[in-house]
Amino acid sequence: MEHMFPEREIENLFVKWIKKHIRNGNLTLFEEFFKTDPWIVNRCDKNGSSVFMWICIYGRIDFLKFLFEQESYPGEIINPHRRDKDGNSALHYLAEKKNHLILEEVLGYFGKNGTKICLPNFNGMTPVMKAAIRGRTSNVLSLIKFGADPTQKDYHRGFTAWDWAVFTGNMELVKSLNHDYQKPLYMHFPLYKLDVFHRWFKKKPKIIITGCKNNVYEKLPEQNPNFLCVKKLNKYGK
């Protein structure tokens, strides 16, 4: 008796197989499949991650350039807004990567077509927040340049990209935001946010703040390795 596989399972197995060749950098095979079925880039595995997402996750800029050459206009075939089961798009994954050039390539291409840069996932996390958490200063500035809103807040903690930069101790990013973008980015960072984070994640907060009003903070020599000591600065980071 023949074994019958659900269509969704077949789709998942196919994407897993393609994913393996993307990881190994087998562009020739991918080109052949693309010419047979261009919509292959939007096919998803069981987690909702599309082939285009996996190209971005693995940082295959050669695959990206090939795809962009095949379209008559940005978004003709590739759907950059497709999201996985957690609500993350390809931009969420690119924002976390160290390779800044891949993010610039995608933003420069889809930026012509007004791609939504601030699209949040199901927790309200936008790509610019993801980049701020990882400390990717270049990625944050690129996303803002293409229209991302660094003052947008996530759903659960009410953190902005600026709040995450302060919380994770990325003072280079904090200063860059306040120097380059004269928006109200020098928001308050109240102590209760640290208490909430401590209760939820059972971790010690990485930052000690003595004031709650509109302040920017810079890193000082640590007195305790478990904490980041800070001092008040003015709103321009000086």
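Note: Cβ is positioned from N, Cα and C throughout, glycine not excepted.
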Given ranges 202-213, 214-225, the stretch to which Swiss-Prot attaches the annotation motif 'Nuclear localization signal': 202-213
Among 51-54, 55-58, 227-230, find the range that Swiss-Prot records as motif 'FLCV motif'. 227-230
Under an 8 Å Cβ to Cβ limit, what residues of the same chain, 6 or more beyond the ends of the repeat 'ANK 3' (123-152), are close to it? 86-87, 89, 91-92, 94-98, 100, 103-104, 107, 111, 115, 117, 159-162, 164-165, 168, 170, 172-173, 176-177, 180-181, 183-185, 187
So what's the mean pLDDT when you look at the repeat 'ANK 4' (157-187)? 69
